[in-house]
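Peer 1: So TrEMBL says this about it:
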BINDING   G83, G84, N85, P86, R105  substrate binding site
BINDING   D106  Mg(2+) binding site
Amino acid sequence: MAALPLATAEVCDANADLIMNGELRALQPIFQIYGRRQVFAGPIVTLKVYEDNVLIREFLEEKGHGRVLVVDGGGSLRCAILGGNPVQQAQNNGWAGIVVNGCIRDVDEINGCDIGVRALNSHPMKANKKGIGEKHVPVTIAGTRICDGEWLYADTDGILISRTELTV
C-alpha cells in the first residue's frame, strides 16, 4: 500500500486546480526533518494526544502497511511524545512515516532509522503514560485540517495533504 513518493514542488506546480479547491493543501513549514527517509508518502492515520505517548506506541506496534501516522501533540514543546524505540518499531512494522505536532527525543537513534519523521523539535524529557487521546479524528496541524484516510506526501521542500492518492 506504500505510495509512490512525489516531488512536492512538482505536485504543486501541476495541480493548481486541486490547490484552489482545497483538495491539496501544504502544511506551514514548521517541521524539522528526522530519520533516513527524507521522502515518504502514504495514507494517513490520525491521532490526537497531549504530552502522552501511550496511544502513539500502540499504533506503531501495529503493521503500518505504508501508512503515515499524523500525531497532533498540541504543539507542546514541554516534553517528547516520540522516541527511538517506537520509531524503530514503526520502521520494522512497515510505516512510511510519522509527523508529530510536538517534540521527539533520541534524535541520533531516529536518524539511523529508515523511516521519515517530522517534528517541531527535540526535547530530552519523556511524556506521560496515561493513555489519553483520540484515534482517527480530524486534526488541525500547521494551519491545515487533516483527516484519517487522506494522503500525505513529504520531501525536503515540505509536506502536502491530499484528499486522494496522487499520481505523476
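Cβ coordinates are placed from backbone N, Cα and C, and glycine is handled just like the others.
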Peer 1: Mind giving me a neighbour count for N85 (substrate binding site)? Other Cβ atoms within 10 Å of its Cβ, every protein chain shown.
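Peer 2: A count of 13.
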Peer 1: With every protein chain in view, what's the tally of Cβ atoms within 10 Å of the Cβ of R105 (substrate binding site), excluding that atom itself?
Peer 2: 19
Peer 1: Just how many other Cβ atoms lie inside 10 Å of the Cβ on G83 (substrate binding site)?
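Peer 2: Excluding its own Cβ, the number within 10 Å is 19.
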Peer 1: Looking at substrate and its recorded binding residues G83, G84, N85, P86, R105, figure out the farthest C-alpha pair and report it in angstrom, whole number.
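Peer 2: Max Cα-Cα spread across the substrate binders: 11 Å.
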Peer 1: Just to verify a number: CA distance, N85 (substrate binding site) to the residue listed as 'Mg(2+) binding site', in angstrom, no decimals.
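Peer 2: For N85 (substrate binding site) versus the residue listed as 'Mg(2+) binding site', the Cα atoms are 9 Å apart.
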Peer 1: Would you pick out, from the binding-site residues G84, P86, the residue whose Cβ has the largest number of other Cβ atoms within 10 Å?
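Peer 2: Counting every other Cβ within 10 Å of each candidate, the maximum falls on P86.
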